[in-house]
């Protein structure tokens, strides 16, 4: 506990001004990203030593191992603050929450219709956009239960806890809605830059930064309006599952 408090004090976590809040948000983003990459670097070799890295179910979890790092950092900060209700706002969704979950997708689509052509006009290299990383999901429906547990009950909530609950929540204590959303989305995009560099190289980094910044704005808006992390978490996980859902819908429609 003393180590966590010492780190929090150095980050200015006890300050109430905008500079302290921005510093904490940036610090949490950097520390969270480093922790996430470290966990992923360690997890794959360990899985290999255990002989499970080739198992499809294990790879579903390994592909989201970075979220373990996010969760560790988020929980450490929540423990340091001693007030889970300030940042870990998970509750049963209401009808209004459900409507916001649905609204996330047309909002993302509308923004993509603007951002996509602009990136193409500028000649920006796009990225693959794949998130499942497990081809067996398209051929083994039984793996969908594993994916559901990992994506919806662990990975997305962990990522949203850090970037919407903690980072955006801390910024909202010092900034109005608009600047807090922009800064939090910037932190979300910043985290994705090294992830893109490690997974896809330099080419698509700008596209990843722009797309995740926009996604951060939309997820952040949904959280701002509902104050329920279940909303962006479910929307985020559903976005990951989009390709798999489309595949099975096409299979079902072909069989009719």
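These residue numbers are counts, starting from 1, taken along the chain as shown.
Backbone N, Cα and C atoms are what each Cβ position is placed from, and that goes for glycine too.
Fair warning: this is a prediction, and the values are worked out from it, not measured in the lab.
TrEMBL has this to say about the protein:
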type: TRANSMEM; residues: 21-46; note: transmembrane segment
type: TRANSMEM; residues: 66-87; note: transmembrane segment
type: TRANSMEM; residues: 99-122; note: transmembrane segment
type: TRANSMEM; residues: 142-162; note: transmembrane segment
type: DOMAIN; residues: 143-238; note: domain 'CAAX prenyl protease 2/Lysostaphin resistance protein A-like'
type: TRANSMEM; residues: 174-193; note: transmembrane segment
type: TRANSMEM; residues: 205-223; note: transmembrane segment
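Mapped onto DSSP helix, strand and coil, the domain 'CAAX prenyl protease 2/Lysostaphin resistance protein A-like' (143-238) counts 85 helix, 0 strand, 11 coil. Counted over residue pairs 6 or more apart, the CB atoms of the transmembrane segment (66-87) and the transmembrane segment (142-162) come under 8 Å in at least three pairs, which marks the two as touching.
Listed as Cβ neighbours of the transmembrane segment (21-46) (distance under 8 Å, sequence separation of 6 or more from its ends, same chain) are residues 11-13, 15, 53, 62, 65-70, 72-74, 77, 162-163, 166-167, 170-171, 173-175, 183-184, 187, 190-191, 194-195, 198. Residues 93, 206-207, 210-211, 214-215, 217-219, 221-222, 225-226, 231-232, 234-235, 238-239 of the same chain lie 6+ residues outside the transmembrane segment (99-122) yet bring a C-beta within less than 8 angstroms of a C-beta in it.
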